[in-house]
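Here TrEMBL flags 28, 29, 30, 31, 81, 82, 83, 84, 94, 95, 96, 97, 121 as substrate binding site. TrEMBL lists 103 with the feature active site, proton acceptor.
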Ligand SMILES: O=C[C@H](O)[C@H](O)[C@H](O)COP(=O)(O)O
């Protein structure tokens, strides 16, 4: 089984959590793309979706799934999304596809965060994957200097503009022993929109595609 088959298996397993007549929170990325494709089989049973990126919105609409503005939705039962790294405490790094801010907003609204991954995403300590930080463009150099003071090594993600019109700094060489503390410290730097640590609001259910099938934790 290759990595994509594992992602697809995890994504399809998440369909079991989709209830009829509900609006589904949808993340972003290659694993979520498998989920969106699978969700199309239920498009007549669900009320629609709230999306975390322009890319996911386009894919949902192309498959005939109605996409609602989050401001028109009071609550969401589930939010389904991938991750770049995850620990046994279900703390994650996200944002490899630069969609972290909208992902964090939709995740904040949802009752249950269902993380869909292949088994390469499990790590003992977060930080080998460079931590994405979304930054207001004019604050880029200031934020980078502040991140260096916190022990990180920020790199400007060239050529990437987020759906919100901002830039991404990828922070290398972090060994994140206290993800909740670092998430809050980074968010307190003026000019940071948000960062890719999902620790304060971590996943509730993790579906991992493995050689032996999908494992729920
Ligand atoms: O910004 C992108 C998201 O946080 C993705 O959910 C994350 O990068 C995982 O993506 P993939 O499923 O492609 O590995």
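Using the three backbone atoms N, Cα and C, a Cβ is placed for every residue, glycine included.
TrEMBL feature annotations superimposed on the structure.
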| residue | record | contacts (Cβ under 8 Å, 6+ apart) |
| --- | --- | --- |
| 28 | substrate binding site | 52, 53, 55, 56, 81, 82, 97, 99, 102, 103 |
| 30 | substrate binding site | 4, 7, 82 |
| 83 | substrate binding site | 92, 93, 94, 115, 117, 121, 198, 203 |
| 96 | substrate binding site | 29, 84, 129, 132 |
Lowest local Cβ density among 94, 121, which the record lists as binding-site residues, within 10 Å: 121
Check: same-chain CB within 8 A of substrate site center, minus 28, 29, 30, 31, 81, 82, 83, 84, 94, 95, 96, 97, 121: 27, 32, 99
Residue 81 (substrate binding site): tally of other CB atoms within 10 A of its CB: 30
The residue listed as 'active site, proton acceptor': tally of other CB atoms within 10 A of its CB: 31
Three-class DSSP secondary structure - the residue listed as 'active site, proton acceptor': helix
Secondary structure of residue 121 (substrate binding site) (DSSP, helix/strand/coil): helix
Secondary-structure category, per DSSP, in which residue 81 (substrate binding site) falls: strand
